[in-house]
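Take a look at the structure set out below.
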Amino acid sequence: MRTLWIVAVCLIGVEGSLLEFGMMILEETGKNPLTSYSFYGCYCGVGGKGTPKDATDRCCFVHDCCYGNLPDCNPKIDRYKYHRKNGAIVCGKGTSCENRICECDRAAAICFRKNLKTYNHIYKYYPDFLCKKESEKC
C-alpha cells in the first residue's frame, strides 16, 4: 500500500491517462512505472525510434502505435476509468476515445507483466543516442 501511495504522490500533476496507465503498470507488474518504464529501451517514455531492444521495449512500441491509431483522441490528456474484475483490468464506460485509450494502456500493462522475466536492467535508462536506426512501421 505504501508503494501505491508513493506512486500516486509522484504522479500528481501528471495529466490525463498517464495517471491511470501508471497505476495499471504498478498493479500488473509491481514495478514503479516512473523508474522502471519511463526511460526503458528505445520506445518507453517520450518519443521513440530505432529497433525495440527486447520484448518489454516492443510493448512500448506497440503502445505508441496504438496511440498513433487514435488521431481524434488525446491519449495523454483524456482521463478514463477502469476497474478490476477477478484480477483482470476492465475499462469503464466512457467516451469512444476514453475506451480506446484505456484499451491501449491495458494491453501495454498486460504486455509488461507477460514479459517481466525478460525485463533487462541494462535498458532501464537506455540513452536515446543509441537508438539510431529508422523506426519500424506499426
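Any Cβ shown, glycine's included, is placed from N, Cα and C.
In the structure as shown, the Cβ atom of HIS63 (active site) sits within 10 Å of 22 other Cβ atoms. Taken from Swiss-Prot, the feature active site applies to HIS63 (among others), supported by similarity to another entry.
For ASP105 (among others), the entry in Swiss-Prot reads active site. Secondary structure from DSSP puts ASP105 (active site) in a helix.
The Ca(2+) binding site annotation in Swiss-Prot covers TYR43, GLY45, GLY47, ASP64, and the record cites similarity to another entry as its basis. In sequence order, PRO52, ASP57, ARG58, CYS60, PHE61, HIS63, ASP64 make up the list of same-chain residues 6 or more apart from TYR43 (Ca(2+) binding site) whose Cβ falls under 8 Å from its Cβ.
Feature annotation from Swiss-Prot assigns disulfide bond to CYS42-CYS131 (among others). According to DSSP, CYS42 (disulfide bond) is assigned to coil rather than to any helix or strand. The Cβ neighbour count for CYS42 (disulfide bond), using a 10 Å radius over every protein chain in view, is 25.
Using a 10 Å radius centred on the Cβ of CYS44 (disulfide bond) and all shown protein chains, the other Cβ atoms total 26. If you look up Swiss-Prot, you'll see CYS44-CYS60 (among others) marked as disulfide bond.
According to DSSP, CYS59 (disulfide bond) is assigned to a helical segment. Here Swiss-Prot flags CYS59-CYS111 (among others) as disulfide bond, drawing on similarity to another entry.
Taken from Swiss-Prot, the feature disulfide bond covers CYS65-CYS138 (among others). Listed in sequence order, the residues of the same chain lying 6 or more apart from CYS65 (disulfide bond) and placing their CB within less than 8 Å of its CB are CYS138.
The Cβ neighbour count for CYS66 (disulfide bond), using a 10 Å radius over every protein chain in view, is 18. The disulfide bond annotation in Swiss-Prot covers CYS66-CYS104 (among others).
Around CYS97 (disulfide bond), the C-beta neighbours below 8 angstroms that are at least 6 residues distant in the chain are LEU70, ASP72, CYS73, ASN74, ASP78. The disulfide bond annotation in Swiss-Prot covers CYS73-CYS97 (among others) and is backed by similarity to another entry.
Residues annotated as disulfide bond in Swiss-Prot: CYS91-CYS102 (among others). Cβ contacts within 10 Å of CYS91 (disulfide bond), excluding its own Cβ and spanning all protein chains shown: 19.
The annotation signal peptide is assigned in Swiss-Prot to 1-16.
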Output, ordered by sequence, the same-chain residues six or more apart from CYS102 (disulfide bond) with a CB under 8 Å from its CB, or 'none'. SER17, GLU20, TYR80, LYS81, TYR82, CYS91, GLY92, GLY94
Around CYS60 (disulfide bond), how many other CB atoms lie within 10 A of its CB? 22
